[in-house]
Amino acid sequence: MGIAVISGVLASLESTSSPHHTAKWESHTPGTLTPTVQFPSDESLPSRFLACVSREESGKRLRELFLPLGGLGSSVEVLVGENVRAVREADVVILCCKPQLAQSILTEPGLKEALDGKLLISILAGVTIAQLTALVTPATKVIRAMPNTPCRIREGMTVVSTLPQSDSLELDRSIILKIFSSIGRCRFLDEKHFDACTALSGSGPAFACVVLEAMADGGVMMGLPRAEALELAAQTLQGAARMTLQAGTHPAQLKDAVTTPGGCTIAGLLALEDGRVRSTIARAIQIATERASELGQPSKK
């Protein structure tokens, strides 16, 4: 996920600096803008990127990923086993690791002091702000963010926890929106909703891919070539989603608009209802939410 976030931000900065820049199909969060490089003095705009890993092989992989991109990609500094140094030199720290590794990372000697006064953004599923706050100094501003993998192509969905009151509240909010609105939609919600957000938008791409694959399989079963069936299914889902987001049309309205009396759509919809697809998908979100609440928490013995 860390790679997805940094790749999306780099792509955003590169695209807005290009003379051939074209606007995205939607403006994402109302009142926010995609970052631009027209105002280099803007302190809320990302200007330096430090990627931290624990193993040399991971560092090599990241360098091989970013260096060929040229431009901002080649400026990404990959540091191996130098978390404390990176945090000292950064203003904003995004914590991207497995939930069970959070404590060992944040208790590394010198890291607590290096984080003092910094903005710490955790994207760890299940690890609460209270747990993180207990590992840093009172001056460290801790928030949670839950992005998803489509951030890499700037079509992500990120939910950010309510910001704590501080003298730098507006700057912190601007920084967060510059990062996450550049790679998709961004919404602020209370932390109590994060387990559901983890299930719905974090795990959601996997659920959507199951539906996408099933639709393509159905097309193949009825004689369509695999590549064309997948393209038709993917574009169909994308189109329906965009109609919901752009026009604000409720999915039920879209469904009814293409469901004519005695037609093929209603026949297919009844087959879906027979298979309890609607309740099965909703239950998947429920179960994933329950599992998300267990991540990052102490094991029960």
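Just so you know, glycine gets a Cβ as well, placed from its N, Cα and C.
Worth saying up front: this structure is predicted, and the values here are computed from it rather than measured.
Taken verbatim from TrEMBL:
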DOMAIN    55-126  domain 'Pyrroline-5-carboxylate reductase catalytic N-terminal'
BINDING   Asn83  NADPH binding site
DOMAIN    191-295  domain 'Pyrroline-5-carboxylate reductase dimerisation'
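Asn83 (NADPH binding site): 20 other CB atoms within 10 A of its CB, across all protein chains. Applying DSSP to the domain 'Pyrroline-5-carboxylate reductase catalytic N-terminal' (55-126) sorts its residues as follows: 36 helix, 12 strand, 24 coil. Confidence annotation: the domain 'Pyrroline-5-carboxylate reductase dimerisation' (191-295) carries a mean pLDDT of 94 in the model. Note: the domain 'Pyrroline-5-carboxylate reductase dimerisation' (191-295) comprises 86 helix, 0 strand, 19 coil (DSSP; helix = H, G, I, strand = E, B).
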